[in-house]
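Okay, so here's the structure we're looking at.
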Amino acid sequence: MPTSVTASSSWSQILEMLLEGQNLPEVEATALMEAWLAEQLTPVQTGAFLAALRAKGVTGNELSGMAQVLRGACPLPCPLPDIPMVDTCGTGGDGADTFNISTAVAFTAAACGANVAKHGNRSASGKVGSADVLEGLGLQLKAPLVSVVEALVEVGVTFLFAPAWHPALVNLAPLRRSLGVRTVFNLLGPLVNPLQPNAQVLGVAKAELLNPMAEALQRLGLQRAVVVHGAGGLDEASLEGANAMRLLENGHLRQASIDSAELGLTRAPLQALQGGDLATNQAILSAVLQGGGTAPQRDVVALNTALVLWAAGLQDDLQAGVSTAKTCLQEGLPWQRLEGLRMALDHQIGE
């Protein structure tokens, strides 16, 4: 049963709070999300709330309250695996048109020993999303949900196609598309992995999102996490300069930064990481995971993989993490993980 808005707070009063720049208590953010999922708000009300939240700027409390509702609405086909897990899902929206870096990182981190539950979707902007490129490489997006979970245990990596796990959001999709702007739902995507990993590397396209996203992960109970805003505005750690970070460890947040040059990597502009259409991004991802691609492409994957290995508790030294990732890439081990996942899901589809 959806939570009722408190007697003193009607929907119009909550909207007025947002329009005046006031932050919502977590309980009211929770009630708002529950009302959305229960279709209790009109399209006009929903559009107004989304616009007001975007204009005000979201807080960690608001994000965590909404995320908990969405997590609870996920259809879990089986008990959650009792293993440590890490996700590499970011917010997107940086406009840099890079290749699918976080997707490459997911398979590289798995090859380095992490259990990676990669949450992702198709692109909403006409670019190439993680689901688009993986489907193009033969990965089944419509595999039974239980098979997706089993693949994580079997292969060490899996891909959770967001629409399959969040059916409650289907009714909101047309309105979100009609608004034509990014909303709080774009920020919630990385926070609502159905398998609830205990670690995450989460890239944000804007520096002002570092704190609220990190605070949301903290409130959601993650053990370790990195929220990163890349030099040049990338929603990954980039090779262009100093990358701003918030590190979550044992319930505590701290600021940090890392420059790729400090880890022995050659600086490179964002243009060196450019992707393209689906065929181009498939070719780049295939090449990099098999030890090919350009030096900047491999280096940016190694850099971000090092952050994942830190978050997963596998490597506290980032320099060593970069070295481990480079070795895995040179040996083509990430491609083996992708092939293993593809075969595991194909097997289930065929049964």
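Just so it is clear, glycine is given a Cβ too, placed from its N, Cα and C backbone atoms.
The structure displayed is predicted, hence computed values, not measured ones.
Copied over from Swiss-Prot, here are the features:
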- Gly90, Asn121: anthranilate 1 binding site (BINDING)
- Gly90, 93-94, Thr98, 100-103, 118-126, Ser130: 5-phospho-alpha-D-ribose 1-diphosphate binding site (BINDING)
- Ser102, Glu236: Mg(2+) 1 binding site (BINDING)
- Arg176: anthranilate 2 binding site (BINDING)
- Asp235, Glu236: Mg(2+) 2 binding site (BINDING)
10 Å Cα neighbourhood of Asp235 (Mg(2+) 2 binding site): matching binding-site residues from Gly90, His119, Asn121, Arg122, Arg176:
Gly90
Three-class DSSP secondary structure - Thr98 (5-phospho-alpha-D-ribose 1-diphosphate binding site):
strand
Express the distance between the Cα positions of Ser102 (5-phospho-alpha-D-ribose 1-diphosphate binding site) and Glu236 (Mg(2+) 1 binding site) as a whole number of Å.
7
List, in sequence order, the same-chain residues at least six positions removed whose CB sits under 8 Å from that of Thr98 (5-phospho-alpha-D-ribose 1-diphosphate binding site)?
Leu234, Glu236, Leu270, Leu273, Gln274, Gly275
Note down the number of other Cβ atoms within 10 Å of the Cβ of Asp235 (Mg(2+) 2 binding site), including every protein chain shown.
25
Could you tell me the C-alpha distance between Arg122 (5-phospho-alpha-D-ribose 1-diphosphate binding site) and Gly90 (anthranilate 1 binding site) in angstrom, no decimals?
13
So how many other Cβ atoms are close to Arg122 (5-phospho-alpha-D-ribose 1-diphosphate binding site), meaning within 10 Å of its Cβ?
17
